Structures are given as C-alpha cells and as structure tokens.
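Take a look at the structure set out below.
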Amino acid sequence: MPMICLSDFEAYAKKHLPKTTWDFFAAGADECCTRDDNLLAYKRICFRPRMLRDMSVIDTRTMLLGTEISFPVGIAPTSFHRLAWPDGEKSTARAAEAMNTCYITSTYSTYTMEEIAAAAPNGFRWFQLYIHRNRALSEGLVRRVEAAGFQGLVLTADLPYPGKRRDDIRNNFQLPPHMTVKNFEGVFEEESCSEYGLPPNSIDPSVNWNDIYWLQSLTRLPIIVKGILTKEDADLAVRHGVQGIIVSNHGGRQLDGGPATIDALIEIVDTVQDRVEVYLDGGIRTGSDVLKALALGAKCVFLGRPALWGLTYKGEEGLREVLQILHDEFRLSMALAGCHNVSGIGRNLVQFSKL
C-alpha cells in the first residue's frame, strides 16, 4: 500500500516495532491527557480561507534565525533513533539535509554528535541540551557542539525529573545491551545506568534562569529554550537573552494536565512581540496543522514521533517521505486557504470552533 499520510506511517510503526519500543515512543505521562490533547486541539481550530487570489505561484520557504529552510517543518529532538532504524540519527540527519530543513539532535542520541554531523556535513542542525549535575560534563558537550558545527543550542527546560510514563514502568523499558547514549560513552562505565541509558538522577534538578547566563558564557551559539508554556516564562526567556522559544510540553511526556501546545502558543506570541522567534512542537500530523500553527504565530514547527515512524518505515528514505508528504500537504493547504507565501500567513486565517 502507498503511504499517503502520516497516520499510515504510524500504523506501520505500531505493527512492526517491538511492543516495548512502540510503547516507549508513544508514551505520555500519567493518563496521557496532554499527549492526546496536543492532537485534538487542532480540531478546534477552523480556517477562514480566502478565494480568487491567483494561486499559480506558492512559496513555502522561510528563515530560522537567518538560515533559509525549504518549508517551516523541522525535526524535534527525540532519543534513541537506533531503536527505529540501524543507522539511527545518521539517517535522520541525512533526511533533514536532503529536505533542506533543521534537525535538532538529542543529547540522548545513539550516535555521537560528531558521527551525526559527519553523516550530513552540509545539514542545518541544532543540538538539544540537558544540563547534568556534573556541570563539567555539560560544558564539555557544549564545546563539542560548537566544534562539530552545530548552529544552535536548544536548552530543554521542562525536565527537572522525568515524567511518570506508565507503559515504560510496566514494560521495564531498557535500552538494548548493544545500544548506548553515545555522547557519554565511557563516562559512566563504573555506574549502573537506568532505563534511559544514564545513571538515575543525572540531570540537574536545580537548573534555573541564571543557567542561561552560564550557557552564554560558554558559547556564542544562539540559545533556544524548549518547554515554555506560559507568557510569564516567555517574558523571562526574552529578558534572559535567548534567541528562540520552542512552545513544547515534551510530547505530553512530562506534566499531564498542562495545555496543548497550540493552545499555549497565542499568549506566548503576544507576549514576545517579535523580540525572539517562537516555534512549536506537539501534535503536528498534517500540512493543515502546520498552517494553523503558523497562523497563530509560530515561525516553524518541529516533528517528534512522526519522524520516528518514518525512520521505522525505511530509514532516511522513510523520513524523507514523511517530510515530503507534510511539505506537499502544507503547500496545498496554503493554496486552498489563499496564502501565497509564509510571510502572508496571519491570525485572520483561523478562528476557534464554537463547538
């Protein structure tokens, strides 16, 4: 059967992955209310399409902190890509390079950042950072990120502790013995590692806004903070000098009962007032979802689970198919809504359903 939409890749991955791996990728926190609402929230938004606007030419390109990408969809940081495909993050990097978009590489990758950079030397990449209790370890990561040619540093702000993901607990999820968190290979050999490949409680729960200044003292790379859900934190992010904000609830894997990201987006965009770029992840499944997010003020959206489904299907080729389908759906949605280019997409394009 041809793969014609992202749900086809989801069904393939669910059928072909081991159950514990599928459950790990799919997991949300607690009752999964926030995970599920990330998707449902898009159904509450309707378009106000414009007609007779000569849609013979449509331009999907946009800019991310001064770098052009082919369309406003990037790849969010997710861990352990080798669970989906043998070449793991190297395939992810190649697909992003081929589609000329941004790939945010996870700290918890199953290839080193240097191996990922070498796999797609001309790719546009940011690096997602967790700050560890061992600050020297995190400082070393930042130095390596710069040396490997990454173009941005994404600080995850919403994980002082991992959320309670019931299926992972029931399944006693563990990384397979032949797989490691490669960026830390050799660092923790003397210690017993938890289900997520590092010693328990290795992430620093004391991280606070002053650590933005600490990161700025280590690197000249732009800093993007991921995990913002309120106008108060958006304002603090701007005042601490970040260059970008990713509106994110960690795919619903952290605090259950928080807002869907598309619902949190508006107050953050209104607070930031173009002082920094605002992005979004969570719940993107169609090109029309992308268009709705841009209409509400996101500069770009990032894919989490669908990227893993594409990898599961056919590695780099499968992920390229996922991205191409989203590109084509986004372009068609633009055309049918009367939008010639990304800069012409605005809030007057959407309304919230009264149902």
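Cβ coordinates come from backbone N, Cα and C, glycine included.
Curation plays no part in TrEMBL annotations; they are all automatic predictions.
Not measured: the values here are computed from a predicted model.
Feature annotation from TrEMBL assigns domain 'FMN hydroxy acid dehydrogenase' to 1-355. Averaged across the domain 'FMN hydroxy acid dehydrogenase' (1-355), pLDDT for the predicted model comes to 96.
ASP281 (FMN binding site): 28 other CB atoms within 10 A of its CB, across all protein chains. Residues or ranges marked as FMN binding site in TrEMBL: SER106, GLN128, TYR130, THR156, LYS226, SER248, ASP281, GLY282, GLY283, ILE284, ARG285, GLY304, ARG305.
What TrEMBL records for ARG165, HIS250, ARG253 is glyoxylate binding site. Around HIS250 (glyoxylate binding site), the same-chain residues at least 6 positions away in sequence with a Cβ under 8 Å from its Cβ are THR156, ASP158, LEU159, GLY163, GLY227.
TrEMBL lists HIS250 with the feature active site, proton acceptor.
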Cβ-Cβ neighbours of GLY283 (FMN binding site) (radius 10 Å): 24
Distance in Å spanning the most remote Cα pair of ARG165, HIS250, ARG253, given for glyoxylate: 12
Cα-Cα distance maximum in Å, computed over every pair in SER106, GLN128, TYR130, THR156, LYS226, SER248, ASP281, GLY282, GLY283, ILE284, ARG285, GLY304, ARG305 that the record assigns to FMN: 27
Other CB atoms within 10 A, centred on LYS226 (FMN binding site): 25
Proximal but sequence-remote residues of the same chain as ARG285 (FMN binding site) (Cβ under 8 Å, at least 6 apart): LEU6, SER7, LEU39, TYR42, PRO306
Cα-Cα distance linking ARG253 (glyoxylate binding site) and TYR130 (FMN binding site), given in Å to the nearest integer: 16
